[in-house]
Amino acid sequence: VGFKAGVKDYKLTYYTPDYETKDTDILAAFRVTPQPGVPPEEAGAAVAAESSTGTWTTVWTDGLTNLDRYKGRCYHIEPVAGEESQFIAYVAYPLDLFEEGSVTNMFTSIVGNVFGFKALRALRLEDLRIPVAYVKTFQGPPHGIQVERDKLNKYGRPLLGCTIKPKLGLSAKNYGRAVYECLRGGLDFTKDDENVNSQPFMRWRDRFLFCAEALYKAQAETGEIKGHYLNATAGTCEEMLKRAVFARELGVPIVMHDYLTGGFTANTSLAFYCRDNGLLLHIHRAMHAVIDRQKNHGIHFRVLAKALRMSGGDHIHSGTVVGKLEGEREITLGFVDLLRDDFIEKDRSRGIYFTQDWVSLPGVLPVASGGIHVWHMPALTEIFGDDSVLQFGGGTLGHPWGNAPGAVANRVALEACVQARNEGRDLAREGNEIIREACKWSPELAAACEVWKEIKFEF
């Protein structure tokens, strides 16, 4: 008989420490926690096998294909410093294993089945290197950072946003009123909350209409281009596209999607529609913490961020470093660069396991949102730089004098920080002083500073 039946060790076939990675390979870095007694090589090889061509036993149809051409290979294993039984396993996948232009297929292959594998106690995908050949099969963001600035005619500063609260329960007319007040006060964008879709108290079409009215009114009065992220997320792809079409008919500049709950397939369709029809696309990452919060199991957010850049989105929420949600500064800045820059060098101190070349795929603006207020402005300006969107929900609507003064306070604080930075002042050291000086000529800012002077989200 030509083949030997039975179960065999994965490491015989899938652990190849002398393999030279190809420029066309997709490379993955997995944090592997093997079950007690399972050697790291076997665990790493098992990951490579289960996420590519392997199955648990030898099958005779293996003889009909060229395994060496199609198998994933675990080509390097290193222990994790400070962790007893954790290893980083590096796996190389041949490009032919993946459908072109499909983030869905890429994830189904790489993280589809292997996470339930018995030989592993836990598994986390830390990073992916997307080869140039594969990047080129994706459209990516509908427009990207530069085109967005040109469309909005806003340069040399971060953009300001605000999520309309209370997130659920307002009627469409009152919702539109809140949008108008924020935009009129000086924000660039307002935002539908991620769970505002089309509920009994406010159907999507009514909301779209009143928000468009608010936007045009604020635009006429301020002479600035304004936007409201109209959430097109829906229960079916057809309904989602219907909402995007209506937004386009209203002539608004931007729509929004929840890319993880909505799914990569729907998201990529929407991104194509947005590019074809001149709409910007704001992406919210609802559900990400389910996937990325555990340190030893799941997928790191930097991988979800890379996937979004491939699937398509012009903005994506990416933590604040300073607000109420978790995020370590260097690590956050690592994936912020992965979103914005064209070429990112490997840098383990920032969590970047591979050098990534995006070959001019448009960039994505990172959005800082969640528990931030005027006192954070110097830090945010310093950390995120100009190419970002800073979103203050409660930090605008919680202003004691109302929404418009709340918006004024944020805009004044931002302009003061940008001016100070341009004059060469050190925002990290003089931040509080810069905000205090600005308070002198903005009563709105002074009132905001008073309200939030004691708030800290430190746990």
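Using the three backbone atoms N, Cα and C, a Cβ is placed for every residue, glycine included.
What Swiss-Prot annotates here:
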MOD_RES   K4  N6,N6,N6-trimethyllysine
BINDING   N113, T163, K167, R285, H317, S369  substrate binding site
ACT_SITE  K165  active site, proton acceptor
BINDING   K191, D193, E194  Mg(2+) binding site
MOD_RES   K191  N6-carboxylysine
ACT_SITE  H284  active site, proton acceptor
SITE      K324  site 'Transition state stabilizer'
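Taking the features listed in Swiss-Prot, we show where each one sits on the structure.
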| residue | record | DSSP (3 states) |
| --- | --- | --- |
| N113 | substrate binding site | coil |
| T163 | substrate binding site | strand |
| K191 | Mg(2+) binding site | strand |
| H284 | active site, proton acceptor | strand |
| H317 | substrate binding site | strand |
* To do: For H317 (substrate binding site), just count the other CB atoms lying within 10 A of its CB, please.
  => 22
* Structure fact -> Cβ contacts within 10 Å for N113 (substrate binding site), all chains included, total 11
* Enter the number of other CB atoms within 10 angstroms of the CB of H284 (active site, proton acceptor). => 28
* Structure fact -> recorded positions near R285 (substrate binding site): from K165, K191, D193, E194, Cα within 10 Å gives E194
* Asked: How long is the line from the C-alpha of K165 (active site, proton acceptor) to the C-alpha of H317 (substrate binding site), rounded to the nearest angstrom?
  -> 17
* Structure fact -> Students should find that the Cβ of E194 (Mg(2+) binding site) has, within 10 Å, a number of other Cβ atoms equal to 21
* Cα distance (Å, whole number) from H284 (active site, proton acceptor) to E194 (Mg(2+) binding site) -> 7
* To do: Could you say which of the recorded positions K165, K167, K191, R285 has its Cβ with the most other Cβ atoms inside 10 Å?
  => K191
* **Spatial neighbours of D193 (Mg(2+) binding site), counting only the binding-site residues N113, T163, K167, H317, S369 and Cα distances within 10 Å** => T163, K167
* Asked: The record names N113, T163, K167, R285, H317, S369 as the residues that bind substrate; what is their largest Cα to Cα distance in Å?
  -> 37
* To do: Tell me the Cβ neighbour count for D193 (Mg(2+) binding site), meaning other Cβ atoms within 10 Å of its Cβ, over all protein chains shown.
  => 18
* Asked: Expressed to the nearest Å, what is the distance separating K167 (substrate binding site) and H284 (active site, proton acceptor) at their Cα atoms?
  -> 14
* Quick one: Cα separation, S369 (substrate binding site) versus H284 (active site, proton acceptor), in Å? -> 10
* With an 8 Å cut-off on Cβ-Cβ distance and a minimum sequence separation of at least 6, pull the same-chain contacts of T163 (substrate binding site), or say none. => T190, K191, D192, D193, S369, Q391, G393
